[in-house]
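Presented below is the structure to which this report refers.
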């Protein structure tokens, strides 16, 4: 089963690179570096950023935009990391078809490859369509999905056998609902971020001086007709989506705490403590974003913590699903 061990190592690399891609993507977005390079996949026609005064002058003249080395460097580092992720996923795909013992992993490898190809397309569109929120948000969600799919696949091939305990049917329902609620919250958070709505409310509890502000759902989730190159939603829409993100966070927090309590009672102590800790840290980071007006490090950490929380709830669902079936893995993996 040497092939399976290699597959695990490569898949662990995918998980790491996908997490790095989420981190760098968030950092690029918060640094306003998304258009640091006006073309794709290169930067001002170079494989790396132009460096000599002559190259910089020619690049600015050719593309009609000012060159900022700091912004361009951040964008290109992100591109090279996610390009490496794509190559590693291609290697993973190839492994799954080169060895017969990996037959069961082939559909997952195909799906992961198709997903990263789609991510590449959306990554191109974020540049060519000038950071349109719907494109950038979809790209963010795709990054989260890539990370979580890789984690799910790693769970499949990493044999672990905790004590299998009876799982109440309501715990299965709670775990699935918690996963759905976290996904919705991440989508709302992505929409807040890509529409630059994070500072639309002046305080922790009030927006426009009200606990429940005037809102426009059509503006919050419709396409703006304004001529801004960013095509962001109108101010009332920004307030609406930010308020919804905050309001929904209350239910998400309650759901995760409730799930953690249920897991603890079923003697899944480590899972319970991990989920409780993650949601506590995430709430603190969210409040810090408001109080300290979106400091870059805190905002990036908020995104990363969301990804880890999502993956953790997904792993809990994985364990519960296989515990309910009476086993975590079949004999296909137990010999390794």
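Quick reminder: no glycine exception, Cβ is built from N, Cα and C everywhere.
According to TrEMBL, the feature transmembrane segment maps to 77-99 (among others). Only residues 6 or more beyond the boundaries of the transmembrane segment (77-99), in the same chain, are considered here, and those with a CB under 8 A from a CB of the stretch are 3-4, 6-7, 10-11, 13-14, 17-18, 20-21, 24-25, 27-28, 37, 41, 105-106, 108-110, 112-113, 116-117, 119-120, 123, 146.
Annotation source TrEMBL lists transmembrane segment at 108-128 (among others).
Proximity of distant same-chain residues to the transmembrane segment (134-159), defined by a Cβ-Cβ separation under 8 Å and at least 6 residues beyond the stretch ends, is recorded for 4, 7-8, 11-12, 14-15, 18-19, 21-22, 25, 29, 34, 85, 105, 108-109, 111-112, 115-116, 118-119, 122-123, 125-126, 186-187, 190-191, 193-194, 223, 306-307, 310-311, 314-315, 318, 328-329, 333-334, 336. TrEMBL lists 134-159 (among others) with the feature transmembrane segment.
Residues or ranges marked as transmembrane segment by TrEMBL: 171-192 (among others).
Here the transmembrane segment (243-261) has long-range neighbours at 171, 174-175, 177-178, 181-182, 184-185, 188-189, 191-192, 201, 207, 212-213, 215, 220, 271-273, 275-276, 278-279, 283, 286, 309, 313, 316, meaning same-chain residues at least 6 beyond its ends whose C-beta is under 8 angstroms from one of its own. Taken from TrEMBL, the feature transmembrane segment covers 243-261 (among others).
Same-chain residues lying 6+ beyond the ends of the transmembrane segment (268-292) with a Cβ under 8 Å from its Cβ atoms: 162, 165, 198, 201, 203-204, 246, 249, 252-253, 256-257, 259-261, 298-299, 301-302, 305-306, 308-309, 312-313, 315-316, 319. Feature annotation from TrEMBL assigns transmembrane segment to 268-292 (among others).
Long-range contacts of the transmembrane segment (298-320) within its own chain (CB-CB distance under 8 A, at least 6 residues past either end) are made by residues 19, 22-23, 26-27, 30, 144, 147-148, 151-152, 155, 162, 167, 171-172, 175-176, 178-179, 182-183, 185-186, 189, 193, 198, 256, 259, 263, 268, 271, 274-275, 278-279, 281-282, 285-286, 288-289, 292, 328. The transmembrane segment annotation in TrEMBL covers 298-320 (among others).
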